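I have placed the structure first, in the form of structure tokens, so that the comments after it can refer back to it.
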């Protein structure tokens, strides 16, 4: 048997699962004493190029309350053609198609290496992908131009059969009819009045399809397009022209006012349009906004420039008068969209806040993207947007739609909840714990938008009673069943079945301790902390966190934008938290504790401590915080560079030194989504603040002389350093009063 | 009496009359014969049945008798009473004569006192013989009741006749006539000179009396009852009986011999009534008729003499005609024979009338001179002159009169008459055409004709020719108005609207801008109340002037704005009196003294006038404009140029009818003709386009676009404008895009299946667009159907024929939802005028849809069952005119007046948020506003009454201006002065608007009654206070209001107030709204259509119109009828081939295609001239009139007949004659 780290890595590699504990305490009492719950980070669509989808459907346990999928952990009686469900112990007959089964002729799902397996559902029609652009026109001409170009470009990236639609908004909301000859038509709506789907349906004249829809079987025959959503191949030119003709919102904006932006209604109409035309079909509503909503439902700020958009300060003082209402509006939209399996993406590009705080649930509930940038005319936006349409080796989008995740557990363990870009489907079942953590009370969640890195945190509760020992060698199993619409239009089911050993905490405490996955636990606890931070007051969360088990990550977590709102706008906080909640473990770790590499003439690049002591004059530092990639030239290096040594042939090595971090940064930039902010700075540069705010302030203006060290750069902060934090922590850890 | 008065009143008329009378007479003689014949027909009928019963009818007789007595004048009203009483006594046939006499006596006593007495005796004597005649008379009586109700014309006529007779006959003549009889001629003449007009009025009175008989009203009821019983069958009886009475009367009158004869003339009036029954009278034109009666009496007594006279003069013709008639009434003959002579007498009557006026008629004079004639002559004369007025009376009776009248003639003819009567009626009508011929004289009648007319009426029922003729009045006025009309003289009534005249502005506004009901306003409220004459002005602030008149000058008073009175804020005008060497001025309205601003100071000359008086329009003219400063602008901001928004219904019906493509096609060219002030420049008016069905489609037609953009707004519950830039554009800049759009619209909706429409949101959309652009403007809405789609302003079909005639009928004229009222208010606030073009295939609720257009100064056009092929021309011409016509926006009009009166009520298309300011989102050159004034203090005769209408508006070039119209009228403390200087056309304009508004809140019947009452009061007041004393039975009308009854009747029987079964609610609502903003000329022709005979056309002048009655149509002729909304070409069944060839290019009547909407272009002078005339008519009116060719006897003739307003209408409207009788009755009731 491999070491735990290896085991963990292997599991992650194969199943996309990382548990906080890899050996589970066998009783509830012991489990609660462990502080960190049994929990897992699960990446449903973990990229598995080596895993060919199986062209048939899974075999399910026949017990109505179970319906678990046949998996390698099941006991199979090849002679009787029976299999026993490892969750409910139900004995099931194999279906007729498995008649030829035998020890030597096993179907893939019984092979141990196929603990994760993907089925393709053959039934049902292939649904087209739907992309609905919702475009703000209240922005500077340059921005708008850049955005138009990006959108036009995106048309070429879409599969020809994909349906596209266009809604533009400013003071009014326009739903454009596509494919009109001679005259361009659009339906216009007032930006101040919300409409429900039925009203919208009538107003857009979409009532006919619904009339014929009638019953179940008929539903399938829905027209695959309508006047507003048409196949790319058909209206490519038309839409390109239409986008080209988009003008900045013509309504006059007087001095001292913000343009009237009907974002709330625009999104509502987008949601309504898809709701009444393509319910339960994968669709992306891609919203491009250049500023905050300033009128109608969902407005987050008035149109008077003299009243700034709410800050954390305002929110604390309960001074953000639009926030609650707007949040409610967007929440209801998010719920409607998620119910129908539609994704809402938000691409917010503005120097000021745009109301992401209020809108966050749209992306969070539906698995949509949230991208924040300063302008549409930046590579950050352009490349990020382009990367949305990235394709895998098979040429399909790396995105999946309208997924549901179901969790099945052994009897001894139940699921408490999930934290991630999902909504509850409110499916009660035997494996649902009464104890809720995150989005709980269900064993099924809906994830409208998925990509290979989307990761959910799932929390479990051991329910086995202390007096009901588990037989030696017993294993607890958990099965994740993810049904989703593949970007090819197919419905697919991915099943991951995983099992861990039980251990008696009293006798086998070492093995349990050894099975602890520090990284996973840190992220799981961080998610929990962030979740609480979102729903509770800030300081309380810190206090809670402090009471929990704490390690290094916790120090950084405390200082991270996920929990600290100081120096961050509400929008930024929302943005960071959004990303944190959906990224996989590696990325999440980076977010909490940025990675710092040092480049110098002293040797190959090396990771260094995220500490002020690492900031040395003759080094080039590369920091990756996930959101930013920063290259920092030490004082000396900066001077050299300024002097132009890199251009001299004799100092080619210096040139290489300068180039090395840039190359590494490019590599990171290419793979990351969303595209990080790329910063190239040097000692004393204003942008260096990004670095200085992250490192451990081991040296500050308070203690810089006390150590008398020559190295490092003092950080001007009153925050405690890790050293102080640890000292304090040790004290607390040993005091019983903690 | 009346005559005299009248004459004095109408002194001017009086003079002309003489002339008329002469000519008239001549023609009459010739023409009359024929008329008689027809009349005889009816008469005969009467006689047969009636005679025996007649007596019982006596009741009726009495009336007739009364009428006979009436001859004496006063008797008429009384007569009615007695008459009724008598009926009970009925039996008396034989005695009847006596009773009559008695009655007459009693009545006479009542009425005339002495005259009757004198008459009475004679009558009795003659009465017996006359009995037959009496029978006839009775006939008439019965008719009365019927008249009121729906009685047969004949009955009605008789009724009227009776009434008429009563009134007319006795009254005038009786009094004065009798006394001076012999010498009468002289007197007559004097009377004439003095009162030729009066005579008319008098004559009329009788008529009216006849109408009054129409019993319907008050007296009527009872009378009706009486009549009621007998009417139908009784009619005949009555007739018979009546005749007797008449005869009796006659006889009685006759007996009185000379004097009686003299009375006769009067009797003739009264007589006429009876005569009609007798038939004789009728045949001959009225005059003859009248004569007959007189003759009868004469016959008995002096007949011979009269006859001789006739013989000498007109006899031949008369006799000729008479003879036939005479024969029939063989029975009567005996008695009649004497009458026979009457014919001559008739002539004598003519002469009589003539004489008075002009003794001219050669023959006539002689009669008069001859024995009895003189007196008669006098009488007649009076009657003659009166005839104008009288006519009504006579006419009323016409139906019955016919018979009655005939009888009289018969008497003359004696044997001949009876037959004539019988056949006569039929014949008469046939002959009528002939009448027309003879009538030529009629025109003459117009003025003098009255006299002749009166006479005839008496004989028949009322002879239509004997009652005031609109045509005559119009022609007279034309003849009189040869000089340009100068406005400098205060209180001078302008020529009629039907007259072409030039106006010279010398200090008062041109009548084209302002017309008043009275140019002599009563000084006190009491007077005004007593007279009941409405004090109102019809103001058409932006009226188009003919090319030879200068449009109002624009005056700029600089930055300070126009100079105004400090207190009442009246604008500088000629009525401001400069004092203190020119340093101050005193306001003519409120007398407040205001400093003259230094820059405006000017020295005064020795008369106290500023020396620059004639350099400044505001000091010397009645109409001019001021440039307004920014203070006069909304929000203190100079206005933007206005915009036109076209909103086109593209629902299934609109597309299918072809409307959409027609509009789009036409707009492409029409947009080059948007209104502009300087023809050299492009219009600054911007345009925008919207189409709609259940949702609205806005179009972005910005010049920079390659193709138009359509923006659909389906959220109609909360309308807004989806775009700002590119919706309202300059036509020239965006021409290509606009044309592309207009090309595409019909295609885009070619296969639409949407049938539902919205309406409220459509207007809201236009309004919002104007709001967004911050300008005033006009919406052109092209709409097809009831807006039933879910939206604000949604309507439901509420057309319910069952409500018509009930108290709930009014609700049908009210908007069914309040939404549009509020919307209208908003529109007005923004200066958004709405023109609505409707293309309905069914009920669309014009009453509701029209609210906004009407409140915003817009127009409603309606093209029911629109068919591209046949209606396109009319629609496009309307559209073109509507778009191109001069228009002002965002206007506020205020009328200031001298202290003492005050503008209290306003009628028209506008909105008022307070009691003084008329707010008009838009006002075009065709819209008039009627303003009613009331006293709140005394006026002085010295200063007169001043009014200043100031209208602040934005011109089509976006300039803010004030248009000022000043008007000064005289004030009077004598009612007579008031009645001397009124304008009936304007009064009718006021009445119609008043009534059409009234039906919003009152049952239609109540409104009609109110109108009749007020009219009766006006006339009664005149009769009581201004007319010389005379028999109450006489209808006396003021000269300038003698057409009031006929016009009022037209108003009463309009589709709005008296709908026929085939008139839809929408049509009524449409007309109601249409009339609310008509000016006087339009209402005039609308209510009394112009009917031109086309047998001969001369270049340069129009043929003289004929009266709107079927009797005036000749089978062999072709007529053109114009109402301002409709244009008919009526082709007689036996029209001359040459005529048809000239007009239609075909010789055969049957080959004329009645569906043609325009005449073939033929290369002959006749065709050219006819088309010229039609074109000129169309050019005169604000709406294009589609030509309808109506062939006689064709089904379409029903529609055409509807516009023959002097006839009974299919919907139950009274004929002119009937109504006149009714009116007379009303008046008598008021007087008694």
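Each Cβ is built from the backbone N, Cα and C atoms, and glycine gets one as well.
Listed in TrEMBL:
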- A:58-98: domain 'Zinc finger Sec23/Sec24-type' (DOMAIN)
- A:126-389: domain 'Sec23/Sec24 trunk' (DOMAIN)
- A:400-503: domain 'Sec23/Sec24 beta-sandwich' (DOMAIN)
- A:552-589: domain 'Sec23/Sec24 helical' (DOMAIN)
- A:605-691: domain 'Gelsolin-like' (DOMAIN)
- Item | Maximum Cβ pairs under 8 Å to the domain 'Sec23/Sec24 helical' (A:552-589) - stretch from the list A:58-98, A:126-389, A:400-503, A:605-691 | A:126-389
- Task: Kindly say whether the domain 'Zinc finger Sec23/Sec24-type' (A:58-98) and the domain 'Gelsolin-like' (A:605-691) touch, using the definition of 3 or more Cβ pairs under 8 Å where each pair is 6 or more positions apart.
- Result: no
- Query: Looking only at the domain 'Zinc finger Sec23/Sec24-type' (A:58-98), what are its DSSP counts of helix, strand and coil residues?
  - Reply: 3 helix, 11 strand, 27 coil
- Query: Any idea what the model's mean pLDDT is for the domain 'Zinc finger Sec23/Sec24-type' (A:58-98)?
  - Reply: 90
- Message: As a quick check of your reading of DSSP, tell me how many residues in the domain 'Sec23/Sec24 beta-sandwich' (A:400-503) are helical, how many are strand and how many are coil.
- Response: 0 helix, 60 strand, 44 coil
- Note on the structure: Taking DSSP helix as H, G and I and strand as E and B, the domain 'Sec23/Sec24 helical' (A:552-589) has 26 helix, 0 strand, 12 coil
- Query: In the domain 'Gelsolin-like' (A:605-691), how many residues does DSSP assign to helix, to strand and to coil?
  - Reply: 44 helix, 21 strand, 22 coil
